[in-house]
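Okay, so here's the structure we're looking at.
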Amino acid sequence: MSRVTLSRYLIEQTRSNNTPADLRFLIEVVARACKEISHHVSKGALGGVLGSMGTENVQGEVQKKLDVISNDILLEANEWGGHLAGMASEEMDNAYQIPGKYPKGAYLLVFDPLDGSSNIDVNVSVGTIFSVLRCPNQYLSQNESLNEAAFLQPGTEQVAAGYAIYGPQTMLILTLGNGVKGFTLDRELGSFVLTHENIRVPETTAEFAINMSNQRHWEAPVQRYVGELLAGETGPLKKNYNMRWIASMVADVHRILTRGGLFMYPRDAREPSKPGKLRLMYEANPMSFIIEQAGGASTNGYDRILDIKPESLHQRVSVILGSKEEVERVTAYHKE
């Protein structure tokens, strides 16, 4: 039986689910960009791409060389094809409008070009996260200037989302709103090949991912929930749990997507004015869309992540996502 490449899968989606041709093209362009990023990541010190740039992004985080390289790759790959009206990235202060010399398309692309880049120098899995939105009609005119407001749509408006994970294998995880598929990069063939047909998150779990060093700063509901996990068989949950923490959202969520579990990056008392650490638009929303499409759930503790109306491009949010039963439990604790 012949293998199904990403291109073939997307063509079949166009035939069976009326996936628009320009959306299909957009996903293929992003996938090609991810292949190029994977190449740079895999070269490491041999390619002179390790270390920092000595600059900070809009988040106040030190930019790694590969952050900037990955951002440039995604911009250059997507700006000319006529499928986008604009882009936004963790590494750019403002929205990026497609240059006037290129045709303008109907979609917006939002991305974290290299999630987990603090792990690059120690050779831990990193990845690219992306989200696709429709551009509001008022910005589709070739003469209309695009601004941040065009992107401020709740996660329920996403038409596609995915991530590439650069680890022992390079994989692309994708949802078009009808389930979650996994594609593995065949380097000999040069294509992403469908290897995971229908990814589902188990409803129950015995694993969780959280940075325990921040425990003293957490709010009471999270303190309670994690305390119950750690109590094991003798505690109220009557089950032993294992903790895993990679400090790369892509890597942690990928493990939960394939093995079940709960990923938590809750707000804490260190910066009470900030509702969380992770960014809503290009981290929490795409990952929540994927997790929900795989049968899981996602919340900020009180509300479904995908229902949150963004107020700014780089808005932060508390994130708790993964196996549905566990998400519902910790949400109930927040509401007591």
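Placement of Cβ uses the backbone N, Cα and C atoms for every residue, glycine included.
According to Swiss-Prot, the feature Mg(2+) 1 binding site maps to E90, D112, L114, an assignment based on sequence analysis. Positions annotated as Mg(2+) 2 binding site by Swiss-Prot: D112, D115, E283. Under the heading substrate binding site, Swiss-Prot lists D115, G116, S117, S118, N211, K277, citing sequence analysis as support.
For E90 (Mg(2+) 1 binding site), the count of additional Cβ atoms within 10 Å of its Cβ stands at 25 [all protein chains shown]. N211 (substrate binding site) falls within neither a helix nor a strand when secondary structure is assigned with DSSP, and so counts as coil. Under the DSSP three-state reduction, S117 (substrate binding site) is assigned to helix. Same-chain residues that are not part of D112, D115, E283 yet have a Cβ within 8 Å of the Cβ center of the Mg(2+) 2 site turn out to be E90, F111, G116, G127, T128, I129, Y163, M249, V250, L278, R279, Y282. Checking the binding-site residues (S118, N211, K277, E283) against D112 (Mg(2+) 1 binding site) with a 10 Å Cα-Cα cut-off leaves E283. Under DSSP, D112 (Mg(2+) 1 binding site) is assigned to a strand (E or B) in the three-state scheme. Considering only the binding-site residues E90, L114, G116, S117, S118, N211, the residues lying within 10 A of E283 (Mg(2+) 2 binding site) on a C-alpha to C-alpha basis are E90.
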